[in-house]
Every structure is written in structure tokens, then in C-alpha cells.
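Participant: What Swiss-Prot lists as signal peptide is 1-24. Annotation source Swiss-Prot lists domain 'Fibronectin type-III 1' at 37-136, citing sequence analysis. Annotation source Swiss-Prot lists N-linked glycosylation site at N47, citing sequence analysis. Residues or ranges marked as domain 'Fibronectin type-III 2' in Swiss-Prot (evidence: sequence analysis): 144-239. Among the features that Swiss-Prot reports, domain 'EGF-like 1' is placed at 343-381, with the record citing sequence analysis. The disulfide bond annotation in Swiss-Prot covers C347-C358, C352-C369, C371-C380, C534-C564, C569-C580, C574-C590, C592-C601, C788-C799, C793-C808, C810-C819, C987-C1014. The domain 'Laminin G-like 1' annotation in Swiss-Prot covers 386-564. Here Swiss-Prot flags 565-602 as domain 'EGF-like 2', drawing on sequence analysis. Under the heading domain 'Laminin G-like 2', Swiss-Prot lists 609-788. Here Swiss-Prot flags 784-820 as domain 'EGF-like 3', drawing on sequence analysis. Summarising the annotation, Swiss-Prot assigns domain 'Laminin G-like 3' to 835-1014 and lists sequence analysis as the type of evidence.
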Amino acid sequence: MDLISTFSLHFLLLACSLPPGAVSLRTALRKSGKVGPPLDIKLGALNCTAFSIQWKTPKRSGSSIIGYTVFYSEVGSDKSLRERSHNVPVGQDTLITEEVIGDLKPGTEYQVSVAAYSQTGKGRLSFPRHVTTLSQDSCLPPAAPQQPHVLVVSDSEVALSWRPGENEGSAPIQSYSVEFIRPDFDKSWTIIQERLQMDSMVIKGLDPDTNYQFAVKAMNAHGFSPRSWPSNTVRTLGPGEAGSGHYGPGYITNPGVSEDDDGSEDELDLDVSFEEVKPLPATKVGNKKFSVESKKTSVSNSVMGSRLAQPTSASLHETTVAIPPTPAQRKGKNSVAMMSRLFDMSCDETLCSADSFCVNDYAWGGSRCHCNLGKGGEACSEDIFIQYPQFFGHSYVTFEPLKNSYQAFQVTLEFRAEAEDGLLLYCGESEHGRGDFMSLALIRRSLHFRFNCGTGIAIIISETKIKLGAWHTVTLYRDGLNGMLQLNNGTPVTGQSQGQYSKITFRTPLYLGGAPSAYWLVRATGTNRGFQGCVQSLSVNGKKIDMRPWPLGKALNGADVGECSSGICDEASCIHGGTCAAIKADSYICLCPLGFRGRHCEDAFALTIPQFRESLRSYAATPWPLEPQHYLSFTEFEITFRPDSGDGVLLYSYDTGSKDFLSINMAAGHVEFRFDCGSGTGVLRSEAPLTLGQWHDLRVSRTAKNGILQVDKQKVVEGMAEGGFTQIKCNTDIFIGGVPNYDDVKKNSGILHPFSGSIQKIILNDRTIHVKHDFTSGVNVENAAHPCVGAPCAHGGSCRPRKEGYECDCPLGFEGLNCQKECGNHCLNTIIEAIEIPQFIGRSYLTYDNPNILKRVSGSRSNAFMRFKTTAKDGLLLWRGDSPMRPNSDFISLGLRDGALIFSYNLGSGVASIMVNGSFSDGRWHRVKAVRDGQSGKITVDDYGARTGKSPGLMRQLNINGALYVGGMKEIALHTNRQYLRGLVGCISHFTLSTDYHISLVEDAVDGKNINTCGAK
């Protein structure tokens, strides 16, 4: 017996026991103290599986209420089986009670009532109310994040970053969880960190020399996404490889050095122990402890215990400290000031704002709050886009330790100094200059390059001093004990370290512009001050380092870093829709839209032969001519181009929701064709490098996952994409010569730089991409130096580039090299016969749209007669069909293919092809008659006799709406489905339809191209 039945029986017995004349049952119930129903009940669906309910305390609650019960059941179900209850205890002095009922079915209606309980039993039920949980599609979890990118930092650390998936589901993403697996050891995934509220992190405590894969899940209010595609397998560094330095400010160590320490090397203390007093979030897995650092969290050393919190109302007393004046910084109009705030207390007592961290300042006493990399402003609350870092004397940026540099390295740095002293570079075995290290510092405007292989310091000093406010380039080179410093391509200065050790152990990050422990580096580097000024470029061992914050660039962390180009565009005046972009720390360019050029996009021009320049960040874009499904299994590009540099993207398109892409690049002088069907990348590379400054013909194609590449007359290269997928879908434009954002390209696309050079022809699946009509967007695309740019073709003729030269396609009525001669009915008016005999040159055609002509090349019957001569084995004589052709489109054609004369037609149910073999390309006149009656066809050529054929299927009518072409047609390969690749090379003297309808070839034509007079040449 349930609770309700028990109370019902109790009150029924009470009523029956009353003597005659006693009060009524209702009065008895009231006097018994039965509690009334809860009041003001409110219901609301929370999600797919839960609803919320709220009510007020009943009015008549003479006895104290000890609890409530919520009764709920699915509407329309068997109540005795489906009704469920949920008990709710009473809080102290609570007039309004709220509760959440979960574990429900999505999109289901529920009936809900509430009853209160007192010491005397259950009160009366509230009036039933209804609520419906949200439908399933309203409660979707996020899509799986994109495949994470992993960077190995050391033998026990990796840096991880990822991007959200295609959609965030039915609610915003709240957090991520990160998992790992060791493919060589583990069979299941291990969770490292849950509820991570950023898209990058650093994982510490990994096993050295071990393979790892990482995956990410996203979570919103409705649950977790599927696991992302696992990262590529990475291997942590081995003990003999680059040092195991930590990452970011958390790498700062307890100095353990008193202020009177002489900084000399202690042979017993060469291996520094790195310790963090304030531990990062950690998760224990077995006996292994993994610590996690996010890019948004910075930690001080053990003496500098950072408190990353907002200042309280009892604000700290800020002390004015006498700091030596620094030269005026070159800031843009809207640059963000870097506020490194100095306090008169240690980090143990200092409170720093969010996005900042505390470091004890041993030089001036007290402590400083430093802004994290990418943050600035007085409260470190402003975002800073860093490309050319600016340093203020207390700033620094960290990169991964120098790799493969223990024996030799080369570093090139371009900088502009605003103060005479400061540390530019440091990397070593310890944070404080003990043991092995290398450094570059400014000391009284001279550059000091120092390194120590473990038995003595080499000091190499530039012979000339730098000029403050001017740009300088310095190159450092070391091989074993020997070092070299070269400033501004001047005479190199050399030196040698002491002792016999010739290798350097690099464990710390590579610091640029300063170091968190610069105070302790004075003995090693010669200065305890940070650099003041800007850095424009940094190269290590011949590779340019992207100084943007990771994961876009290689900068792992930093403090109080500004952007040198900030405000550079404030005074720029880019017109005609141009936008400003910094290309150096102190200069900008205008990104001019198509059709404009110049310093400020002030010059309008007609784009003819596009010229792309890497220095101008050029690119153009054109949509795919047809829907993506037309290119799923087959794509072919023919490109004629002239490269001016050995690297750059020629063409690129991709799919935003998958791994699909295709790209054509210049790479080290070769052409690379890359494509991915979603299961692996295929890479085809030309056998020989291309000659720069010359025109080249390129053809690439892919059928399913098989690719072909051919450049000029080089050997054809074939290759195959990995995996089992065979289709490519690209939903973006086709980008030519560059892309708008190089951070968004697929990682295996090989796209690194814009193309420098010219492109004069692009044909996609036989369809020409026209520069004037098909380019829809782009920036800084100019005209190449080419004859077509000068519009040499007169009378409306169009210039067709042919590498260094050109050809003119002349309109009907004009001929000559530049369409300068008027012809047609007037050019040879002394020879009447010549007017009627047009000459075709392979890219010529005549077009007819007269209804009296068209009706004779359609319907149930057709009869055509021609007299022609030609010197080519291939060429189209006649064509009428749908444009563009579709599968089983109606058409009728007559032409030469490989020397044979072929009459073809399709009535909608299959193609009929009737062939006559012979020597028809002998330059002599030939007569051909093609007749069709329903499905049956016949062709007669000279005296060769008739050949007959029949089209398959049941269709008997030729239904066509297009024009009639004679001698060729526009984009012939495209519109004939590659049945013909060129027009007639020769002449046509007679053309008759329906046995007696004679057509004047030139006079009756509505349009034509490249028609000369037969016999004139």
C-alpha cells in the first residue's frame, strides 16, 4: 500500500468512528490539522531530461511542515505503473521552495502535483499541472573538436592546442576535457584535465622518449561531445636531446642566490632543480602526477608566490620608486601602454589582477605585476595582437629551447634599440647563467655575444656601436669553441671560449628581450637590464621564427610585451575600399581590392594578366563554376604561369567541415600538387625545378584518390592519396596566388607564403576562368608586363596570351594580326566568290540563330550538306546541342576525329556515332552529307559510299534550344564533353540544310570569331 492510500484509509476510519451528530468529515479533516496544498506552483522545462518546479508554503499550515513530495507521471501512461515521486526536505524559514526533477524522457509531457507533509501526515495535493521536456534536437552536445595540434617542448612536456568543432550544439561550449594514450603501452585513454576553459594547455610530467597521442572533448549544458580525432603521434625528447626546460613563467626557479653571491659556477650545482611553490592543477594517474599549465595562467617562482586575483577594496599602497628615465618609446597613436606596476612588498603580499603575474624585483626592491603575453593596459585587461614584439626593459618572450644546437648554431636578429643597455637573447643550462649558456646583450651600445661550453666564457664584442632608433641586423654563429658576431653585414668579429668542452647544454627556454631572472644573469651576460625597443625578425639555424603567441606562432609565453606596429595604421588613408596592414614594425601597406593599385589604392585599372607579389600579400578568389558535387570525383586544372620565386601558393581550396582540400604550390623551385579526400594527403612533386622568370605550362588532375602532375615536357608524375576515401568536397572559393589568412589553411596543404609571379591562364575541367569576369575578390593584384595589357587587338578583338606573345580573337568582319583589317562582305569586293568562302583557324566559329535555320536542325528529321577542306586530322564542322552538356542531352554534330569523319547525335536515350574512315585532311575539297530520320542516320562522303547507324532507346525527336555552330564553337572541349578539342582548320564553301535551304555562311551568321577569307593566305 502506497503512502497516499495509507493516509486515505486513516482519514476514512477517522470519519467512520465519529458518533451520530458529530461534525462533518470536512470539519473533522480541518480540525485534524490536515495541511492544504502548496501555492503558486510554477513549472519550466530546463532541458531534454529535466524540469524545474517552484511553490510557496501552504496557507493553513498550523502544524509545522516537515517536507514535500513531488508526484509526476507521463501524460497518457498507466498512472499506477508510471507515477514517480521525489521527496524534498524543508529548509529553515523557507517560504519558496525550488527543486529540479531529472532523469526524464526528452520531448515528453508530464503531469505534476505537490503535497506537503506535517507531523499529522500528508497534506492535500495541489491541482495537477503539465510541463513538457525539451525535444532531443534542442539538447545536442557539441560536435567533436578539431584534431589537436601538439608541440613537444621538452622530454617531459608538450604544448597542446585545438579548435572547436563544426558546431557547439544546442548551448555554448562551457569547457573541454583532455585525454592521452601511449600507443605502445596503453589500451585505453586516460583523462588528464576536465573542465578546462581554454583551447590550449601545457602538459607536464610525461615520460621521456615516449610516444603519446592526445584527444579533446567539448562539453556544454547537454553533455560531452565525441572524442576528437586523435593528434598525430608525438615523441617526447630523450635524455640526450634538448634540455627539459619547463614552459612559460612556471619555469622560473627559486634563485637560491643571495644578493652578495658572486654568480660564479658551482660544479656541484650544474643541474638546477625546478620547483613550483604554488602548484598548477594536477591529476594523479596511478603513481604518475601530471601537472597542467594553461596559457592564461602564469606562476612565479618559489620566492615570488603569485596571487592571481583582483585587488580587494583594501587596496595595496603603491610606492613610487625612482626608476632611471628611459628614452621615449615609439608608440602608435592607439598603442596599448604596458603597465608593469611596482609595489613595495614581496609577491607573498602582492595581489595582481587577472591576466597578470607577480615577480619579485631584486633590482629595485618590492615586486612587479607583469601582464601575460598578449595582454596589456593598466589592468592587463586589453588584448594585444603581437607580431613584432616591443620590449620595455622589464619584458621578455620565451620560445622553446634551442634544439640540435649543442655543437653549432646560427641566430639572426633584426632589432631597433631605444636604450643603450639590455639583454636581447639568452638560453642556457640554468636560469641564472650557471653552467652552459649563450647570450646577446647591448652594453653601452655595443653588442656582446657570450657563450660558455662549461669551462670558460667567450666574449665577442662588436667593433662598431649601434645607433639608437635605427634598425640593425646581427648574426651570431658558433661551432664548438669558436664564435662569430656580424653586425649589419660588416666585418665579422670572432672569438673562442676557454677550456676543452665544445658542446652546450640548452635547458631553459630561449628568452628574447629579457628574462624573468635577468637580475641574476649579470655575471654571465654582462647586464641585468631588459631590452628596450623592437624586434622585427628572428631566425634560428636558417629558419625564421614566427614571434606571434602560440599556437599561431612559436612564442610560448612572456611578460609585458607590446606590439611595435600598434597604431601604424592610424594615419593611413587607404581609399576605394582598401584596408591597412602592417608589414613591418614601422611600415604598412594598403590591401587594395581588385581593380585598384597604388600606395593608397588611388589608381584604378583594368586587370588583364594578374601579377602577384608576396611583399604585397596578393591573392585573388573565384567561386567554383558549378556546385561542389560536380567536382567530387574528378578535378583538372591547366595553368600557364611565370614564377618569380621558388616558393608560394598557386591555387588552393578546401572544405571548412572536413579535412578535404587541394593545393598547388611552388616549393623550393618545384611544383607540388597536394590533395586530401579526408583520409590522408597525396603529394605529387615535379621531377625537376622550374626556371624562374619563364612561362610554364602545368596540368594537374585527380580522379578519385589518384593524381597526375605534369609541368611542360617533364615526365608525368603520378601519385595516390592515403586512406580509403575517394571524393573531395570544397565549399570555399578557389584562392589564386595566395590566401586571405595563412593561419586557417589545412596543416598538410604545404601553404606557407603568397606566390610571386604571373598567371595568364587557368582552365578548370575545360572551363576557362576569366580574370575580368570570374575573379570576385582579392587584394593587391596588379598587371604583369605583357603585350595583352596594352590591349593590342582593335575593333573589339580579345587578346589571348600565348606565354610571352599573344593572339587576337577577332570579331566577325575583321581579320589580321591585331584585327586591324576590315573584311567580310567588304574586304575582297573585287572577288565575289571569296566573300562566300570563310576560312577557319582552329579557334574560329560562325553562329546562327535564325528560326528558319534552327528548325531544320531539330525535330524528327535532319539533312545537312557541306563542302570543306582541311589540313588537320581533328576539327569540328557542325554542332548544335544544349550548353552546357548534361548526361544524355540532345545534340547533333559533324566533325573530324583522328582523320575519320563522324556523324553523331543523341535523341535523349543514347548516342549514335556513324564513322567514315578516309584521308580527309589532305587539303582538298570534300563533300559530306549527313541525314537523320528518327533514330536512323546515314553519312555519305565523296564516293566512299554510305554508312548507316541507329541511336539506342526509344527517343525519336531531336529537342534542342541552343544556337547552331559551324567550324567550331566557344570553349569547345567543355560544351562538347571533350568530343572535340578544336575547331576546323580549313575552309567551308557550301552549307545546305533540308536539301534545298542554302545558307550564306557569312551573311546569315549572327556572330563569329577569327573568320578569314579562304584563299587570302
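Every residue, even glycine, has its Cβ placed from backbone N, Cα and C.
In terms of burial and nearby residues, how do these features look in this structure?
Facilitator: Non-local contacts of N47 (N-linked glycosylation site) by the CB criterion (under 8 A, 6+ apart in sequence, same chain) comprise T133, L134, S138, C139, A221, H222. DSSP assigns N47 (N-linked glycosylation site) to coil in the three-state reduction, placing it in neither a helix nor a strand.
Averaged across the domain 'EGF-like 1' (343-381), pLDDT for the predicted model comes to 84.
Under DSSP, C358 (disulfide bond) is assigned to a strand (E or B) in the three-state scheme.
C371 (disulfide bond) is surrounded by 31 other CB atoms, counting those within 10 A of its CB over all protein chains shown.
DSSP classifies C534 (disulfide bond) as strand under the three-state reduction. Within 10 Å of the C-beta atom of C534 (disulfide bond) sit 25 other C-beta atoms, taking all shown protein chains into account.
Taking the Cβ of C580 (disulfide bond) as reference, residues of its chain lying under 8 Å away and at least six apart in sequence are, in sequence order, I568, C569, A572, C574, Y588, I589, C590, L591.
Sequence-distant contacts of C592 (disulfide bond), defined as residues of its own chain at least six apart whose C-beta falls under 8 angstroms from its C-beta, comprise C574, H576, G577, G578, G598, C601, V779, N780. Following the DSSP three-state reduction, the secondary structure of C592 (disulfide bond) is coil.
Applying DSSP to the domain 'EGF-like 3' (784-820) sorts its residues as follows: 4 helix, 13 strand, 20 coil.
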Participant: Across the domain 'EGF-like 2' (565-602), what are the DSSP residue counts per state (helix, strand, coil)?
Facilitator: 0 helix, 14 strand, 24 coil
Participant: Cα within 10 Å of C808 (disulfide bond) is the criterion; apply it to the disulfide-bonded residues C347, C369, C380, C799, C819, C987 and give the hits in sequence order.
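Facilitator: Within 10 Å Cα-Cα: C799, C819.
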Participant: Run through the domain 'Fibronectin type-III 2' (144-239) and tell me, per DSSP, how many residues are helix, strand and coil.
Facilitator: 0 helix, 40 strand, 56 coil
Participant: C358, C793: which of these disulfide-bonded residues has the sparsest Cβ neighbourhood within 10 Å?
Facilitator: C793
Participant: Below 8 angstroms Cβ to Cβ, which residues of this chain, lying six or more residues outside the domain 'EGF-like 3' (784-820), approach it?
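Facilitator: Same-chain contacts beyond the flanks: 608-611, 640, 642, 695, 758, 760-761, 827, 843, 846, 1002, 1005, 1007-1013.
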Participant: Please spell out the DSSP helix, strand and coil residue counts for the domain 'Fibronectin type-III 1' (37-136).
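Facilitator: Taking the domain 'Fibronectin type-III 1' (37-136) as a whole: 5 helix, 51 strand, 44 coil.
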Participant: Tell me the Cβ contacts of C810 (disulfide bond) under 8 Å, same chain only and six or more apart in sequence, or just say none.
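Facilitator: Residues satisfying the criterion: C793, H795, G797, G816, C819, K1009, N1010, I1011.
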Participant: Please identify, among the disulfide-bonded residues C352, C369, C799, C1014, the one with the smallest Cα-Cα distance to C534 (disulfide bond).
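Facilitator: Closest recorded candidate to C534 (disulfide bond) by Cα: C369.
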Participant: Of C380, C987, which of the disulfide-bonded residues has the most Cβ neighbours inside 10 Å?
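Facilitator: Ranked by Cβ atoms within 10 Å, first place goes to C380.
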